[in-house]
Amino acid sequence: MGPKGYGLLKNLVTPSKPSSMNLADICKHLKEYYNPKPPVLLERFRFYNQSQGTLEGISEFLAELKRLSSSCNFGSFLNDALRDRFVCGVFDTNIQKRLLSEDDSLTLEKAVQIALSMESAAKNAVIIKENSQSQSIHNMSSRATRKKVQCTCCGRQGHVISNCRVKDYKCFNCGRVGHLQGVCRQPSDEKKHEDHTNRSKFAKKAKKSSKVKQVRKENDEVSSEYSGQSEIESSDEGNATVYYVRMIGSHKAFEVEVEIEQKKLVMELDTGAAISLISHSMYEKALKERAELKPTKVVLKTYTGEKIPLSGKCDVKVKCNGREKLLPLFVIKGNGPSLLGRNWLNQLPLNWSEINRVQVSSSLEEKLQKILAQSDVMGKSLGTVKGVQAKLRVKPDAVPKFYKPRPIPFAMKEKVSNELKRLLKEGILKR
């Protein structure tokens, strides 16, 4: 044993001496110090506050309760305590109502059997529903993708290039043989001038635009034919674009308060967004302990094609106006606003008459210009605080002390003298 360990042992067995003790007593004192037995009251407090997580199964919840009860010293009351906490802490309200409807003869084994059977039935129902929805989506997608063949020579449908009667005609725009002017891919001089004018106008408007936040899937023609739940499941393999352009201080946003995993959040209503999303900072603040973040293959892009980093996706329980649904929520990196998209609008009943404006956005630059206009805080001169009086608080029994002036090193005398002159000139010090 080293000197540090021996010193600790000596303090633990005082007034006895370690040399007078046997090995069993020494090990007993050290074990009590390094592995103290937790208080029973604290362990029971943790046991009675344990509840089932949103993504935790019945078997996992029961195993966690048994682990916590091992140090609670329940004795013969162990099975009753496990049964009571199991019924009170189960997450699914339907299972909890079913267990509470039982009489006093309900045992722990019977409660677990009922909960497991209901959990299995709910999972099987979801699988059956997903299979039926995916089959209907496949049928609609097949019909939507059927298009007629279009001839590139004349622009009409119903025939191919080899059967077109104008395949040997000359184009009046580019001068090449094989197509008409109406389907020519090379823009004319008038078209070039018009496009240049439009791009100039768009560039001027783009300077006034702000953030881009609306999400739309690239295959929106097909996804709009089915419900929001199926839309998100299919978007897990595709791309999504971000188009929403907001003018600073001109457009108002409509916000809705929803309850996500028993946590109230305010989200911007966006009918142009195919999916609902929140920022990663909002997820860390409100939902990190309530919903598990899973990876996703969805790709978000801005108006100009840049990719938006996506943290992942989580399935959350959403409650709005008395209706509760299990819906997918996407998490993006950054601190942007939360958006409520079409996949949630199809599932949640919104009271449109009560939706109102909560917040009006204002740019940081406008606020800064307003502050600078009121006072010259960025000037070169020294500013002063007006309307504030400083007060030094001294202890009532404080005794003044006299100290001799400290001599300044010769190398620092000139610098100190110049600094004192500057402070006198600025009015900070007075003679």
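Residue numbering: from 1, along the chain as shown.
Note that Cβ sites are derived from N, Cα and C of the backbone, with glycine treated the same way.
TrEMBL annotations: computationally assigned, not manually curated.
Taken from TrEMBL, the feature compositional bias 'Basic and acidic residues' applies to 187-198.
Positions annotated as compositional bias 'Basic residues' by TrEMBL: 199-214.
Only residues 6 or more beyond the boundaries of the domain 'CCHC-type' (151-165), in the same chain, are considered here, and those with a CB under 8 A from a CB of the stretch are 178-180, 182-183. Under the heading domain 'CCHC-type', TrEMBL lists 151-165 (among others).
Helix, strand and coil counts under DSSP for the domain 'CCHC-type' (170-186) come to 3 helix, 2 strand, 12 coil. As annotated by TrEMBL, domain 'CCHC-type' applies to 170-186 (among others).
For 185-233, the entry in TrEMBL reads region 'Disordered'.
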Residues from the same chain, set at least six apart from the ends of the domain 'CCHC-type' (170-186), whose C-beta lies under 8 A from its own: 152-155
Local confidence of the domain 'CCHC-type' (151-165) - pLDDT mean: 81
